[in-house]
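So that you can see what the record holds, here are the features copied from TrEMBL:
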type: DOMAIN; residues: 1-133; note: domain 'BAP29/BAP31 transmembrane'
type: TRANSMEM; residues: 6-27; note: transmembrane segment
type: TRANSMEM; residues: 48-67; note: transmembrane segment
type: TRANSMEM; residues: 101-118; note: transmembrane segment
type: COILED; residues: 169-217; note: coiled coil
type: DOMAIN; residues: 175-229; note: domain 'Bap31/Bap29 cytoplasmic coiled-coil'
Amino acid sequence: MGLVWTLIAGFLYAEICVVLLLVLPVASPYKWNRFFKSKFLAMIARQAHLYFFLIMGVLVLFLLEAIREMRKYSNQEHSSDVHLNTEMQHSMRLFRAQRNFYISGFAIFLVLVIRRLVTLISVQANLLAQSEASLKQAQSASATIRSLMEDRNTEKADEAKEDSTLAEITKMKERIHELTAELNREKKDKEALKSQAESLNKEYDRLTDEYSKLQKRMNINAEGGDKADKKAA
C-alpha cells in the first residue's frame, strides 16, 4: 500500500473511531455541544466548509482513480499465452484497485455521516435546552397560578367572613330596632297608664270632696233635726 492510500486508510480508521464515539453513550448531548462550541473547534468551524469540500474533493479524486484502475484491470483479456506471473500481477493490481475503491468510498460515506451526526447532536442539545427552559417556565407559571388560586381562595374566605360579619351586624341592628320599638311602646304604655292614674287620682279626689260635702250636709241636717226635736219637746 502506497503512502497516500495508507494516509487515506488511517483517515478512514479515525472516522470509524469518531463515529463510534458519537454513536455510543460516551457523553451526553450537552457535553458534545459544549465540545463542538469550544474555542479550538470554533476557530476551525470558521473554515469548516472549506475543509469539508477540500477533503471531499480529495477523496472523490482518489475514488475516481480507484474506479479507473478497476475498469483498467478488469477489462484486460486473459489469454493462454500470458505468463502466470503476469496474470497474478494483474489480479493483484485489480485487488488493490478494489481495495482503494472501498477505502475511499467508505471514507467519503463516513465524512457525510460524521457531519450529519454532529448536526443532529447539536440540534438535540438545543432542543433539550429549550425543553428544559419550557419546563421551568411551565413550572413557574403553574406555581404562580397556584399561588394566585390560593390568594383567590383566601380572598373568597375573607369575603365570606366579611359577609357573615355583615349579616350578623345587620341582624343585630334589626334586633336593636325591634328592642327600641318595644321600648318605645312600653314608654307609651307607661305614659298612658300614668295619665290614667292621674285621671283616676283626680276622680278620686273629686269623689272624696263630694263625699266630704255630702257628709257635712248630712251632719248639718242631722243637727237641724235634733234641734227641731228639742224645740218640739
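Cβ coordinates are placed from backbone N, Cα and C, and glycine is handled just like the others.
Automated prediction, rather than curation, is the source of TrEMBL annotations.
Below 8 angstroms of C-beta separation, residues 5, 8-9, 11-12, 15-16, 18-19, 22-23, 36, 52, 55-56, 59-60, 62-63, 66-67, 70 of the same chain, each at least six residues beyond the ends of the transmembrane segment (101-118), sit close to that stretch. Long-range contacts of the transmembrane segment (6-27) within the same chain: residues 35, 59, 62, 100, 103-104, 106-107, 110-111, 113-114, 117-118, 121, each at least 6 residues beyond the stretch ends and with a Cβ under 8 Å from a Cβ of the stretch. Under DSSP, residues within the domain 'Bap31/Bap29 cytoplasmic coiled-coil' (175-229) fall into helix, strand and coil as 55 helix, 0 strand, 0 coil.
Helix first, then strand, then coil: DSSP counts for the domain 'BAP29/BAP31 transmembrane' (1-133) stand at 113 helix, 0 strand, 20 coil.
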